[in-house]
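Per Swiss-Prot, these features apply:
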CARBOHYD  Asn160  N-linked glycosylation site
CARBOHYD  Asn180  N-linked glycosylation site
CARBOHYD  Asn255  N-linked glycosylation site
TOPO_DOM  1-7  topological domain 'Extracellular'
TOPO_DOM  29-46  topological domain 'Cytoplasmic'
TOPO_DOM  68-86  topological domain 'Extracellular'
TOPO_DOM  108-127  topological domain 'Cytoplasmic'
TOPO_DOM  149-183  topological domain 'Extracellular'
TOPO_DOM  205-230  topological domain 'Cytoplasmic'
TOPO_DOM  252-261  topological domain 'Extracellular'
TOPO_DOM  283-309  topological domain 'Cytoplasmic'
TRANSMEM  8-28  transmembrane segment
TRANSMEM  47-67  transmembrane segment
TRANSMEM  87-107  transmembrane segment
TRANSMEM  128-148  transmembrane segment
TRANSMEM  184-204  transmembrane segment
TRANSMEM  231-251  transmembrane segment
TRANSMEM  262-282  transmembrane segment
Amino acid sequence: MVPVLHSLSTIILIAEFVWGNLSNGLIVLKNCIDWINKKELSTVDQILIVLAISRISLIWETLIIWVKDQLISSITIEELKIIVFSFILSSHFSLWLATALSIFYLFRIPNCYWQIFLYLKWRIKQLIVHMLLGSLVFLVANMIQITITLEERFYQYGGNTSVNSMETEFSILIELMLFNMTMFSIIPFSLALISFLLLIFSLWKHLQKMPLNSRGDRDPSATAHRNALRILVSFLLLYTIYFLSLLISWVAQKNQSELVHIICMITSLVYPSFHSYILILGNYKLKQTSLWVMRQLGCRMKRQNTPTT
């Protein structure tokens, strides 16, 4: 690849890496401080903490995979297992926790009086816990399949860990990992999509009941609907881009197209980095904290640039 393009892509990757760690780190830090001070934390804040931690892990794992891909000859089988399992773990919880957040918005925002809806609404915490525990079945199945495939291939090579065999193993694992991601992502992605459609329906029903002169920014219910829809749309769109970028990256790697592979790696980091920024903008507490941090940084930079007399 042209050195200029390689340098530019490296700068963008580093910028996304820093941005993702800062935005997710802000979510974790602010909510942990509130947890310590108030001795309690709301359900949505608990979800945000674990979601942010999983995304920090996902950002690091994506970067490690990119670096190790450049140094494939130096990877051992055990290192390959750790990298793949860590990526699967962080990707799994990042997706399912975002889905849990979507379901939380669905049951908390709309004013619906169906019996089944009210029953689940008052048990939303138990519903989310059971959903996340149930998702562990898919996680374990995914890891077992990866382990069996890796052990079979390693046995087939007779313990050979040459460069060619490692490149073959890496390609096979990426292919299997992407296939499993496709299959195991169908349920959480569908749940998030259903939540999005039901929120649109709820907003439409709400606007139908409201008089025309009341349909504005002063309507708290409509504002909450729009905020939740903004978060869900960004999640669905960014996760789709994230998955497609991984798929195209794998194809580019097989065809030895380094430029396309690098572009896809850059694109894949947009999901865990920038969706958290959208979550911050949609959360009043986190938004105010981020503005305070930016003001403090601005004041400090201004003081440093002001010449002393």
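From the backbone N, Cα and C atoms, a Cβ is placed for every residue, glycine too.
With respect to Cβ pairs under 8 Å, the transmembrane segment (128-148) is most closely packed against 87-107, considering the stretches 8-28, 47-67, 87-107, 231-251. The stretch with the most CB contacts under 8 Å to the transmembrane segment (231-251), chosen from 8-28, 47-67, 184-204, 262-282, is 262-282.
Sequence-distant contacts of the topological domain 'Cytoplasmic' (108-127) (same chain, at least 6 residues past either end, Cβ-Cβ under 8 Å): 43-44, 198-199, 202, 206, 221, 224-225, 228. Sequence-distant contacts of the transmembrane segment (184-204) (same chain, six or more residues past either end, CB-CB distance under 8 Å): 92, 95-96, 98-99, 102-103, 105-106, 109-112, 135, 138, 141-142, 222, 225-226, 228-229, 232-233, 235-236, 239, 243. Against the transmembrane segment (47-67), stretch 87-107 shows more Cβ pairs under 8 Å than any other of 8-28, 87-107, 262-282. Under DSSP, Asn180 (N-linked glycosylation site) is assigned to a helix (H, G or I) in the three-state scheme. Within its own chain, the transmembrane segment (87-107) is flanked in space by residues 43-44, 47-48, 50-51, 54-55, 57-58, 61-62, 65, 117, 120-121, 124, 127-128, 131-132, 135, 138-139, 142-143, 146, 177, 180-181, 184-185, 188-189, 191-192, 195-196, 198-199, 228, 231-232, 235, 239, 272, 275, which lie at least six positions past its ends and keep a Cβ under 8 Å from the stretch. Each residue in the topological domain 'Cytoplasmic' (283-309) gets a DSSP state, and the totals come to 22 helix, 0 strand, 5 coil.
The Cβ of Asn180 (N-linked glycosylation site) lies under 8 Å from the Cβ of Ile88, Asn142, Gln145, Ile146, each on the same chain and at least six residues away in sequence.
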